[in-house]
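Enquirer: When I checked TrEMBL for this same protein, it listed these features:
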ACT_SITE  His231  active site
ACT_SITE  His277  active site
ACT_SITE  Asp332  active site
Amino acid sequence: MRGIKGLVWEGSVLDPIEGIRFRGRTIPDIQKELPKAPGGSEPLPEALFWLLLTGEVPTEAQTRGLSEELAARSAIPKHVEELIDRSPSHLHPMAQFSIAVTALESESQFAKAYAKGAPKSEYWKYTYEDSIELLAKLPNIASRIYRNIFHDGKLAGEISKDLDYGANLATLLGYGENKEFLELMRLYLTIHSDHEGGNVSAHTTHLVGSALSSPFLSLAAGLNGLAGPLHGRANQEVLEWLFKLKADLKGDHSKEAIEKYLWDTLNAGRVVPGYGHAVLRKTDPRYTAQREFALKHMPDYELFKLVSNIYEVAPGVLTKHGKTKNPWPNVDSHSGVLLQYYGLTEESFYTVLFGVSRAFGVLPQLILDRGLGLPIERPKSFSTEKYIELVKSIGKN
């Protein structure tokens, strides 16, 4: 169904050349227009949530108010804490994340209101309340999973009403003292949030929500799609490939050595991770935003310089190879490098951060879906034999 036009998605539109636009605004636009933390230079993700939901850029006061509300509603129920704590450490972080979000169904105002016969005209109100509640609790869930698996269950801090969303998440993960990492979290959560409605995680959330499942169940379904290697898990695989390339080249990161390595990869029937996109036909502007962040904060970082050299070589190699419509890098080819620089080196956790970010994009649309009264999604399907019959009948005409 790639490219078939059949969804309504208000928050963002993806142009093959320009890349993503959030309510008509490019990434440089939102970096300039959206409110920032005091002394910060990156947009706040809660401000983007406001923009995606309302179509309007929030004021500093409105953004601050939303930050405080999210902090106030951040506590997770005891049974969810216990569920996370009892999960085996070898269970992938994304599986734990999905389980925990599903378990929050106990808190759903939408499910309770529906059971009591709430009118359809009020569905959006309960969807909004659930969405804010869910968004507020994600940092505590994500960080608890991270600290359990990688830091022996020792929690690193608590949510503060005086901090913005990205700063609180960074603090809970254990990186709250690093001001640059706080800025990275703000940027990361913002640019990974929404990429129109046809990608697996966004479409799945919308689809499950169309059955009037709560935002908790809908997002959990979307997270399961995000966990796939062809979607959100790709950033983990890119980093694994980078480390293998680095080891195989044995210190020779020259463009000539990289070019030969890329050709060897392609000639062996493998792909170059982090390059190409289903829609984009130019460099992903999310990649560009991360590259600019790296140039500002870590220009001499060895792994960043390696990524930069690949960026200068790979498009030419892929173009000559001739089997890709888009030889340019996507967002996944850079995000892991930034996290590695600041010490968050556990690649299997990266998709969880992507999932927290994606909630900022899919939940506003879920609220709008219920406000507009959109029906259940139910496309028509045929068997292979039926499609053959249809093609034959077209041929006869």
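The backbone N, Cα and C atoms fix where each Cβ goes, and this holds for glycine too.
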Enquirer: Sequence gap of 6 or more, Cβ distance under 8 Å: name the residues on the same chain that satisfy this around His231 (active site), in order along the sequence.
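Expert: Expected: Asn199, Val200, Ser201, Gly225.
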Enquirer: Rounded to a whole angstrom, what is the C-alpha distance between His277 (active site) and Asp332 (active site)?
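Expert: Given the Cα positions, His277 (active site) is 10 Å from Asp332 (active site).
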Enquirer: Of all the active-site residues given, His277, Asp332, which has the fewest Cβ neighbours within 10 Å once its own Cβ is left out?
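Expert: Taking His277, Asp332 as the active-site residues, the minimal 10 Å Cβ count falls on His277.
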Enquirer: For Asp332 (active site), what is the secondary structure by DSSP, using just helix, strand and coil?
Expert: helix
